[in-house]
Amino acid sequence: MLGRPVFGLGKAITSVDVAVIDANSEWIGVKRLQLMENAGRSVAEEAAKLAKPGSRVVVFAGPGGNGGDGLVAARHLAYMGYQVTVVMIVKPEEIRSPETRAMYEALAAMDLTVDIRIARAPADVAPVEADVVIDALLGTGLRGAPRPPYSDAIEAVNSSTGLKLAVDVPSGLNSDTGETPGAYVKADITVTFHKPKPGLLRRPDVAGRLVVVSIGAPPEAEVYVGPGDVAYRVRPRSWKAHKGSSGRVLIVGGSQDYVGAPILAALAAERSGVDLVFLAAPEHVTRAASHHPTIIPVPLRGSPNIHPDHVKKLEQLLDRVDAIAIGMGVGLSDETKEAIPQIIVKALEKEKPVVVDADGIKILGERGIPNSNRKLVVTPHQREFQILFGDALSGVDEDIKARALKAAEKAQRHGLVILLKGPIDIVTDGERIRLNRTGVPAMSVGGTGDTLAGITAALLARKLEPFHAASIAAFVNGLAGALAYAEKKDSMTAMDLIEKIPEALNNPIEAANRVPAYQRLVRGRIEWQPPVGRSES
């Protein structure tokens, strides 16, 4: 067993997680300026524990958000009675963060209590004599070795007298990996925000004593999927992109009785930013899709249903794609029940992530769940969950915590990702649990589950981790549905939802701010255990 799952992004958070939480906090209503104020005040309070009022504190500040945190700390320390000097390593007009600029302007007015030095040349960045030196040069966004003037400032911090306090992460340390490819601050204490960062835990020799503090980011900014997840995890195409480099998806579905489901999944995948979408289905299904010329048909001949004789053809096609969605409208004929597990296993053997939906879930419930090392994503609703795992859930109006923990237990046991659909979607890989609250009641129309499967497969093909792909797909599918509902009301269809996927995916923050406010649906509460406190090196 891997231990008790946590609600949110894990016990430690990456640099991308930090950006996601900041953006989601702002969406909820806690602005970045407020987060910066809280962060800087927390730094000041920790610095005040290291030296008595009247002592000298020097803050080395950069132009980004980390520097802004340091400027806030300087303001609070001046109020507490410390002799405060701020060394700005760039000119004020070069401050790139609007929040940091606002904090600098406030500090610039404090001409009686704060000494500000602008480093206009490398010679202006020199070691200082102080009781506490605060490193607010570079934060979690660092990639590669610091360059001048940052590297010069880092050397100045290390050569200064006094205790070294790093803001969020020591400058020069990669907060995700713990690597130090160039100059880095060797801190005595690091005050990090919200949760520990992996690099800090790996390099106590650089971070020193670790203190985790709250900056007022709501737990919901991490537990609920939000527009920040889309904005910071789904990357736009590179200018160096070529056909296929942004992902290729295979949709396998359809049967004698169901034609539309795999077509909807294919159209949703196409609108989710992949380059190529293949639709493998019985011949009458691919004929029905022929008026969508951008979908590549792969007719499965010889049977009106997916048949074991089709497996070899599909196995060859797997080498040409990056992800697969299977199960939409396949039916439950005996030949299909035999073929579907074979196709899934072949895909997993080739290290292709697989999304299983609808009838595919029912077939796995009967035939068994293959081992996938978390490359398998299943998207059941409540009844399908019971069929797949043989264990009933409490009703959708019951305790969200109980439902989530049961789903996490199944995900952990079987080594897969579960996207449990409902008024509040639950996404879990057995270690982490996230919730999604986008969507509208009108999404009860047929086909919205098929669109969800297609979006998930597309995000997997775009190289997102399965847990994040499923989480973001739930958010985008629900947001697109809400956007469609805003125009069509109860007349909306799954096709209307598909047309809104680009807006939800490409402008998530703006789009999320235009849909009706969330209505509280959750029954019960989750456990949130803040990691605030000290971790000795």
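The backbone N, Cα and C atoms fix where each Cβ goes, glycine too.
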Matching residue for the K(+) site, where Swiss-Prot names ASN66, ASP135 - out of SER42, SER97, SER160, SER171: SER171
Non-site residues, in chain order, whose CB comes within 8 A of the mean position of the CB atoms of ASN66, ASP135, SER171 at K(+): PHE60, GLY62, GLY67, GLY70, ALA136, LEU137, LEU138, GLY139, ALA166, VAL167, ASP168, VAL169, PRO170, VAL185
Where ASP135 (K(+) binding site) falls in three-state DSSP terms: strand
Chain residues outside the region 'NADPHX 1' (65-69) and at least six past its termini with a C-beta under 8 angstroms from it: 32, 36, 39-40, 43, 88, 95, 97, 99-100, 103-104, 136-140, 167-169, 171
From binding-site residues ASN66, ASP135, SER171, the one whose Cα lies nearest ASP450 ((6S)-NADPHX 2 binding site): ASN66
Arithmetic mean of per-residue pLDDT over the region 'ADP-dependent (S)-NAD(P)H-hydrate dehydratase' (227-537): 93
Counts of helix, strand and coil residues, the region 'NADPHX 1' (65-69), according to DSSP: 5 helix, 0 strand, 0 coil
